[in-house]
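One structure is given here, and the rest of the page talks about it.
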Amino acid sequence: MTSSLVLILAPLALVAIGEAAFGNSSKIFEIPGLEVMASDKYPHFTTIETVSRTKVHRHRREVIAGQIYDWNSYEIPFQIWGGDYNFQSLIRRGIRMWEDSTCLRFKENQQSRDAIRYVLEKGDSCFTEYIGRNGGHQDIIIGSECAEEYVVAHETGHALGFWHTHQRPDRDRHISINWKNVMEEATASFMPFRSMLQAFGIRQVSPRRVPYDYGSLMHYHAVAHAVKVSDFTIVPKELKYVTTMGTEKMAFLDAKVINDIYCPNACQGRNHLNCLAGGYPDPNNCNVCRCPEGLGGPDCGRLQPSPCGGEIHASDQWQTLSSPSGRDVHCYWRISVPEGSRVRFRLSDGEFPCSYGCQSYVEIKHKLDVRLTGFRSCCYRPKEDTVSESNQIFVIYHPNGRTARFSLRFRRQA
């Protein structure tokens, strides 16, 4: 396989990942059109790929300067260098995030000369040396101070060929970059990747056509590489997505891109599924559909089962949906109206621990394309009503072990 790769991840000038050193240095600030709904004054965030000046200059020469390659098969050889049992378990859990959602299988092979190498180093630098397969040992450095499952998954995404979402050539339709607040040494991490390709002499790139997803694992959060964390570096055109960016979860479309590249025919002739709503036969089990979050059933036509959600039909009168009690519940609701109508809704109340990338949140999927991550609210909620693009919305509630609550007002709009 030598087809040129994807449009969802890494900067060409190498970078590091670290736990934010200034998580409590800036209070939550006001944003026009949004209302604060946080239960704390200080937002928490981890900084995906905080630039290390030393690492950038040391490794710049190693950036791939030719065609970007896929791996030869869905079996990816890997090695782990250094670290104790806990570190090695962490690496395997990060890898498993890809295996659980895709056909990829990572095979540990200490003898392979063409493999991903996960290397433990002291410090707060985590980075990938190449985008896509380079045809030799490909090091992913995991610093002891930034070793997290999602960091491993994010950096592995780079090795699989992903660019950052916010570096897509169409990104200006979805986000704005506040250049005056971007650290000078991080500039390359915010350039559109076509500019980076030209700078490094890479000419052949064939982007996979997937819509822009604020909830991609490969998207920086709003204050990434900020000179001052009291201001954003990445501003979504739709401000209600401001805390959706920077998630620690894999998005439905992240996995789909990989499955389209490495195993597009895995279930061909093995099933007669008619998957709806952008779902597709699961390459890990061809008897079921892999569905966007919120949908389930044999063909993605039903609501994803949960002990606390359900189907709700909106009327012409305002109704209210309130979150159930409990810190560990996971709830899915579908609010629908007849074809030709829309759902008008607004988060009327709520309280969550604030974090960029929302670890505890209520998510509302109101777009026509239900594959896209909805807007996740944990720090802010829109002050005005929102109207759905179709005759349904999905409400997803994940407190994730934290104290949280929300109320949603909704009604039918003809």
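Quick reminder: no glycine exception, Cβ is built from N, Cα and C everywhere.
Owing to the predicted nature of the structure, the values given are computational and were not obtained by experimental measurement.
Swiss-Prot lists 62-264 with the feature domain 'Peptidase M12A', giving sequence analysis as the kind of evidence.
Packing around CYS103 (disulfide bond) is summarised by its Cβ count: 21 other Cβ atoms lie within 10 angstroms of its Cβ, all protein chains included. Annotation comment: Swiss-Prot describes CYS103-CYS263 (among others) as disulfide bond.
Taken residue by residue with DSSP, CYS126 (disulfide bond) is part of neither helix nor strand, so it is coil. Here the Cβ of CYS126 (disulfide bond) has 28 other Cβ atoms within 10 Å, regardless of which shown protein chain they belong to. According to Swiss-Prot, the feature disulfide bond maps to CYS126-CYS146 (among others).
The domain 'EGF-like' annotation in Swiss-Prot covers 251-307.
For CYS267 (disulfide bond), the same-chain residues 6+ apart in sequence whose C-beta sits under 8 angstroms from its C-beta are LEU273, PRO281, ASP282, PRO283, CYS286. Taken from Swiss-Prot, the feature disulfide bond covers CYS267-CYS286 (among others), and the record attributes it to sequence analysis.
In sequence order, LEU273, CYS275, LEU276, GLY279, TYR280, PRO281, ASP282, PRO298, ASP299, CYS300 make up the list of same-chain residues 6 or more apart from CYS289 (disulfide bond) whose Cβ falls under 8 Å from its Cβ. DSSP assigns CYS289 (disulfide bond) to a strand segment in the three-state reduction. If you look up Swiss-Prot, you'll see CYS289-CYS300 (among others) marked as disulfide bond, on the strength of sequence analysis.
Annotation comment: Swiss-Prot describes CYS308-CYS331 (among others) as disulfide bond, evidence class sequence analysis. The Cβ of CYS308 (disulfide bond) lies under 8 Å from the Cβ of PRO324, GLY326, VAL329, HIS330, CYS331, TYR397, each on the same chain and at least six residues away in sequence. The DSSP secondary structure for CYS308 (disulfide bond) is coil.
Annotation source Swiss-Prot lists domain 'CUB' at 308-414. Across the domain 'CUB' (308-414), mean pLDDT in this model comes to 97.
Non-local contacts of CYS358 (disulfide bond) by the CB criterion (under 8 A, 6+ apart in sequence, same chain) comprise THR243, THR244, THR247, PHE352, ARG376, SER377, CYS378, CYS379. Mapped onto three states, the DSSP output places CYS358 (disulfide bond) in coil. Annotated disulfide bond per Swiss-Prot: CYS358-CYS378 (among others), in sequence order.
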What is the separation, in Å, between the Cα atoms of CYS263 (disulfide bond) and CYS126 (disulfide bond)?
29
Please report the three-state DSSP label of CYS267 (disulfide bond).
coil
So among the disulfide-bonded residues CYS146, CYS286, CYS300, CYS331, CYS378, who's got the most Cβ atoms within 10 Å?
CYS378
